[in-house]
Amino acid sequence: MKRTFFYVLLLLFLITNFLNLRKLHLIDWDEGVFALQAQWISTNGSAGKPFNFQTPPLFQFLVALLFKILGVNDWCLPLISIICSVLTLFLLYLFVRSLYNEDIGLFSAMLFMSTEYFLFFSKSGLSDALFLLFFICALYFFHLGLESKKAFYYAICGFFVLISSYTKYSGPILFLILFIIGISERKKVSGSWVIFSILIPLILYLPYFFIFIKVVTFSKIVERHGRLFGINHLKFLYYILRFAPLIFFTSILYRIKKDTDFLVLKILVPFFIVLGFYYHYLRLAYPLIPILSIFSAGFIYKFKRLRYLLIVSVFVFNLIIGLDTLTYHSSIPIKIAEKADSLCNLNNIRYLLPLTPPNILFYMKGDILIPEFNQQLSFIEDFGLLKKTHQINKKSNLFKEEKQILLIYSSIFKDLEQDLEPILQVSKYIDEIEFVDAPIYYKDIFNPLRKERQLYKFYLLETDKINLPELERLWDICLKERFSVVKRY
């Protein structure tokens with residue numbers, strides 16, 4: 001009966017999210033990056049933006065496959081998250097059941113399912129839901145290997161360790177976690193776990209690692225990621241407290257005494273310690289929540305007469321505090337693109353300059369022009385597998401020959417205000433659209449944009465009113481990695 005209720009919850013989750021799938025648009029910067037890169041992969045480089053090797057490629061390739069099958073639709077990204085999240089809940093249940101018992105397994109999955117973390121990432125277009133599925137699978141099959149002493153399970157675990165590492169850069173933490181667990185259990189198991197769960201996945205991961213260093217270059221890796229290191233454990237702790245408060249408090253009240261408790265602790269502690277030395281991105285703490293839910297479920301399970309009432313109460317409470325996240329969706333990114341399309345058609349404009357995040361750029365109609373000096377593009381084109389892309393360079397300022405250009409400027413790029421001010425002063429302001437971000441980002445006290453209005457302003461630039469140096473400066477902005485010029489169809 002309890003298992004049936006759990007399955008009904010999973011089915012309801014699937015049905016409601018499938019019904020709302022077309023309302024789920026790309027609202028996050030990285031969602032746009034993934035979508036544009038997947039579009040580029042699915043079209044052999046004739047559309048979208050090149051894969052930049054700044055993130056592992058597996059999620060983008062999976063989205064590209066869906067683009068090939070279902071067409072280039074934004075809902076392909078949340079579709080992956082929805083399916084992966086259902087599978088993760090089921091795998092979490094199986095994993096915890098193998099550690100403890102049926103009830104604690106069901107409780108863990110239900111508690112995790114109700115958190116605001118899950119409510120957000122289970123329908124986002126980010127790679128986190130896919131990564132979490134692989135993460136839980138790796139842990140589950142490693143535990144089966146420990147219990148059965150069969151190399152087969154270690155090999156399956158190794159497969160999921162590998163694809164976890166090809167999905168997110170936090171994936172390699174699994175190598176450390178499994179090493180700690182394996183060493184602590186070394187008297188009970190054979191050495192095959194080292195070969196299949198660690199060494200083989202590590203060897204198969206190294207080719208991408210070396211390509212990453214070659215393409216991005218070591219100096220740029222240090223420049224980008226070096227400034228992101230620090231001691232941020234308390235900030236990650238805040239995220240857990242803010243978005244899974246009851247799970248956190250009940251988990252720390254749980255008394256650790258069994259061998260399985262220490263096994264869970266060997267997952268939780270290394271992940272949290274390593275994570276805390278990197279920048280406090282909210283999404284990075286996501287894998288901690290289902291692990292904490294195990295201890296939370298174990299604590300509630302001890303209340304024999306009240307356990308079911310407590311589970312339902314925590315479940316409902318979590319849904320209430322995350323209700324705004326549960327019900328949030330926004331069509332503003334599409335409306336911004338539709339407004340741009342309408343203005344371009346009305347004014348017969350050939351070139352569009354969207355100084356916007358990638359999730360807005362994804363919806364723009366036209367060919368995205370790529371700078372010739374794009375290092376990632378040059379590396380991939382050497383293989384001769386891609387179609388010729390629409391490329392631009394510093395010398396070929398396409399704006400000089402145009403009478404009018406449409407510029408869309410997002411207020412989040414405050415560093416551009418000084419460069420754009422002389423140009424905007426002689427341009428025609430047309431309209432603006434405000435974007436309201438997902439509630440979870442406004443609740444993040446470390447988000448620098450949480451108190452900022454996100455305005456998208458439309459300007460009509462008449463080139464004969466802009467002096468040549470300013471026009472060249474505008475063109476230089478277009479050549480920066482985070483922006484693009486769109487040539488209308």
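First residue shown is number 1, and so on along the chain.
Any Cβ shown, glycine's included, is placed from N, Cα and C.
Going by TrEMBL, these are the annotated features:
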type     : residues : note
DOMAIN   : 55-208   : domain 'Glycosyltransferase RgtA/B/C/D-like'
TRANSMEM : 77-98    : transmembrane segment
TRANSMEM : 104-122  : transmembrane segment
TRANSMEM : 129-146  : transmembrane segment
TRANSMEM : 152-181  : transmembrane segment
TRANSMEM : 193-216  : transmembrane segment
TRANSMEM : 236-256  : transmembrane segment
TRANSMEM : 285-301  : transmembrane segment
TRANSMEM : 308-328  : transmembrane segment
Positions on the same chain near the transmembrane segment (308-328), where near means CB under 8 A and six or more residues out: 107, 110-111, 113-116, 119-120, 243-247, 250, 296-297, 300, 438-440
Candidate ranges 129-146, 152-181, 193-216 - greatest C-beta contact count to the transmembrane segment (285-301) (under 8 angstroms): 129-146
Which of 77-98, 104-122, 129-146, 236-256 contacts the transmembrane segment (193-216) most, counting Cβ pairs under 8 Å: 129-146
Which of 77-98, 104-122, 236-256 contacts the transmembrane segment (129-146) most, counting Cβ pairs under 8 Å: 77-98
Residues from the same chain, set at least six apart from the ends of the transmembrane segment (104-122), whose C-beta lies under 8 A from its own: 2-3, 6, 9, 13, 17, 81-82, 85, 89-90, 92-98, 128-129, 132, 243-244, 247, 283, 285-286, 289-290, 293-294, 296-298, 300-301, 307, 311, 314-316, 318-319, 321-322, 325-326, 438, 440
Beyond the flanks of the transmembrane segment (236-256) by at least 6 residues, Cβ under 8 Å: 111-112, 115-117, 262, 265, 272, 275-276, 280, 282, 284-285, 288-289, 292-296, 298-300, 314, 317-318, 321-322, 440, 443-446
